[in-house]
Every structure is written in C-alpha cells, then in structure tokens.
C-alpha cells in the first residue's frame, strides 16, 4: 500500500475473505509530502488464488483529519489499484498514467460477479431443480389437454400466476395484461386503422357497447392497438430439424368499453389485406388460438426487444461508456456506479447461456436461431433516445392521460419513480455544476455521451436523437435519469413479473408448432395442443421465467447505496431525501394495492433493484 501525501498516517482496510476483519497498517515517511491526493494498492501474487475485497481506505493524518478513499472492488493477483479520495471532482489533475488507473476496467465486474452471483448463471437452467427433468425425456411429445400444463406449473405456482391460470382465457384478463402485465409497452392509442388491417365496422359492431360506430370510437379515443410488425419476415427458429416452428406478426385491436375495461375485439395474424380477421364472436377455439398467437408474439417481442435490448443491452452501453470515459473521482461516475453493478457480467452470462448457439432461446423460443439477430437489428432501427425517457414514451403511445386510460399502474407508478429519480439527479448535478457552461466544459461528460452515441448506439437510425454532446444542466439531468431509470425501474417492470405472467404456458407460449390458421372453423383442441410448446420446450420455458424472476441474495434496491462513493455531506443529504421520497411512493403503491384483487408491485421502489443484475 503506497500513500502519497503526508508524513505519518494509519491505513485501515476491510478484508472480505477474513470475515470483514479490519487490518491497520502504520506507514511513515521522513519528509512532509503535503496534502494526500491518492492511495495505490498492489496485490502480490501468492501460490493460491486469494482475491481481496477492499471496501475503502481510511487515512488519519497527524492533525487528526480523516480522509476516505472508496474502493469497493476485488483486487486480484498482481493487480494495481489507484484510489482518489471520496470527494467528487470535475477537474482531472492527474496525468494520463494515473487517469488510466482511475478509469476502472470492466474486468473487475467479472471478479465481483464471480464471487457474488455466480449461482445466477446456474439458476438459468433450473430444469432439474424444479423437478422438470423427467418431462424432458418426452421432449417433443405434445400435451394432451390444457390442464396438463399444471403438471409443471403446480410445482412453484404463486398467487398471481394462479390467478392467470384460472382466468387466462377470459378476454378481460387478455386485455388487462397490455396495461399491467410483463410487457406493458405494446399498447398504443389507435386514431387510424393500418391500411393492411382488414377489420370493418360490421365485424366489431357487437363488441362496441356505447352505440357508436368504429370510426366514432376511433375519434373518441377508445380504440387501442398492439402491432407486432417487427416480427414480419423474421425466420422462425429452425435449429431443431425434428420440430417445425412458426412465427406471426399480428395486429390486435383493443377496445376501452364503458366500464374502462380493455378488451380485444379483432385479431389479424398476417399483414395481408385479404387475411382472416378473428373475432370474439367466432368459434371458441378459433378465438382462443388467435389470442394465443398474439401472446406468443408478445412474449418473444418482450424477451428480445422490451427486456433484452431496451434494458440489458442499453444499460450495458451506458456502463461501458462510463467505465471508458469517466474517472472514478468524477461525481457522475459515483452516481452511476451502483446502477451498472454486475450488468456487464450478467449480459456476458446471457450471451454464453441464453442467446448463444444451442442456448435457451434455441431450445424454447420461436425467435431462437438467426431470429435473435434479425429481431434485435430491426429493433435497433426504432430505438430512440426519447423512447427511453419514460414520460415521452407513454406520451408517444397516446396513453399518458390518466382520465383517458385509468388503471394503467405501469404508467402511474413509473411516473412517480421517474420524477423521484429526476429530482435526486437534479440535486446531485446542481451540487457539482454551477452553470450550464460547466457542463459544456466537462470533457469527461462530453466524451461519455459521445461514446454512447457514436459507439454503443451507432446502429440506431440517424434521427434517434441520442445526444453527442450536452449543453445544459437540465439536459444532463434528463440523460442521467434515463440511465438510472432504465437500469432500475424499467428493468424491474419488465423482468420480475415473468413468472407471474409467463409461467402458465397457454397464456404466453414461447413458440408455436403449427402454422397460424388462415380460415375459421378448422381448429379444435387437438390442433391447439399440437400448436402449443411440447413438454420439453414448456419445461425449458418455465425454468427460465422462474430463474429470471428471482431477486439476488443481498439485492440492493433503489436508493440503497451501502458503498459510500460520495463522502460530501450535501450529497449524503440529497441521497437521504431521495430515500424518503421513494418511501412515500412505496406507501402510495401499497395502499392502492391493498384495494386491488390483483396487486401491481413491479414498480414499487422497495422491489426495484438498483441495476440490471439478473
């Protein structure tokens, strides 16, 4: 341990492997070195692998001043770590050599992840632990009846998933999920019907309860749509030559009735204007299968776009740019570091276990194989900066008005959390940035956003509006709010309900093994069971959604920052204010949920992890 700066001092370091034993080291020098500016730690290589976890270094000077040097990282053999004191600093006084050390390598993410969450990777393949391995022996055999899915479901069912199992085929439950299910971002206000959607007034007249025509309901703002155009032309999973799989790109027209319920009133499974339009008045099996096709499309768009791209991969872009461009002493680094915890590591694990060749996507999902790349590439063309700004995203879909569309808890809770995060970020930004000019002159911040724009988001469209520079403090506040909200709240909203809503396979099939019907009156239960995932795929599906819905041991929830990267009192006070605001939001959500038959808790701050870590 090398201390630069004073004559006589004491160093205290916490050592994780020794049950948090505190080690004190006295270091003396013969001449006065001046103010302390940094601490350098070096770990010698031993015969055995004994990585050390250092929380922080506390240095006490002869005058009694205590200076904190936050570390919060693992130190491996022959690794050198340079620490600055805990005060945020916008001006880098260090030379390029020290700057290199201050900009943390993502390698430490791997070490942290290996020690803290290695079991997560194993849990992604929980087939054996769930007792599902026996069903894998009959991998490609179909179930006999819908009730047969209880053979795997019963093992780990919960209150919400049981409710889904009992009510999944009701139109009300189908519509409710577009608001408060696991993929609550697909529903949009429909002002004009798409040209290739062949629905007519005569088809839906019996479903409209206000006595208005379809055009009048459209004008009144009571018609909504879920459009899965992104799946058009995508090649279905062909990795298993023994099982043909099929993919559709449906339209689903939804109606807000006079009781403010969202109900499906028309489904078209292809993009052709001559395609059949399925209706609630059709034969029960025709309508049941049409809704299954929509939910299969919804599940796969959720997995690849809503979840993987718009939380995991987007957060990784921000994380890598942060590590590359921001020094550990920078206040924005200190602000963001809790919100990128383990993100690079979990994404690496996902690439190795989930979306790789012969991974879980290939085994269970119709978007396995080359479809993964196809869908992600298409989705990147629609990824814009404003779509990551929560208020802008709900407004763009025409669903921002509470009176117009009540009981949209994803929107309501999301707005409360967004505003709380934004106020916290504002407090921190105003502490360190005295003017808009100070933002413009911050070379590291400008390099950070430029890195995101030019490297991480380079495949987005030219009009994606990811900024390549920031001019004002307000712009910086919004940008950092996007980073934190995406990694915490939005990931929580679309991840931790996966078992609740996807565990009952008929409600959200991961694949379909028969082509979508093109005519009415030709579907029976046998055809439906031959369409749904077989025993093996259903088992893989259930194991995955269970594992992905679990919180980590020792999970750190929004506003909980045990690693004290900030040492200044104003920031500590801002953090405490943030926690108090989040506690108020939690209470509001809890009070509302007590009155609901089906509570919505995914955006309750006490259940929002700080980062994408699962």
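Backbone N, Cα and C define each Cβ position, glycine as well.
Automatic prediction, not curation, is the source of TrEMBL annotations.
So that you can see what the record holds, here are the features copied from TrEMBL:
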{"type": "BINDING", "residues": "50", "note": "Ca(2+) binding site"}
{"type": "BINDING", "residues": "307, 312, 491, 614", "note": "Fe cation binding site"}
{"type": "DOMAIN", "residues": "1-89", "note": "domain 'PLAT'"}
{"type": "DOMAIN", "residues": "59-614", "note": "domain 'Lipoxygenase'"}
{"type": "SITE", "residues": "74", "note": "site 'Essential for stabilizing binding to COTL1'"}
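Distance between Cα atoms for residue 307 (Fe cation binding site) and residue 74 (site 'Essential for stabilizing binding to COTL1'): 29 Å, as a whole number. Sequence-distant contacts of residue 491 (Fe cation binding site), defined as residues of its own chain at least six apart whose C-beta falls under 8 angstroms from its C-beta, comprise 307, 311, 312, 315, 609, 611, 612. Across the domain 'PLAT' (1-89), mean pLDDT in this model comes to 67.
Cα of residue 74 (site 'Essential for stabilizing binding to COTL1') to Cα of residue 614 (Fe cation binding site): a span of 20 Å. Neighbours of the Fe cation site: apart from 307, 312, 491, 614, residues of the same chain with C-beta atoms within 8 angstroms of the site's C-beta centroid are 308, 311, 315, 346, 494, 495, 548, 612. Summarising the environment of residue 312 (Fe cation binding site), the number of other Cβ atoms within 10 Å of its Cβ, over all protein chains shown, is 19.
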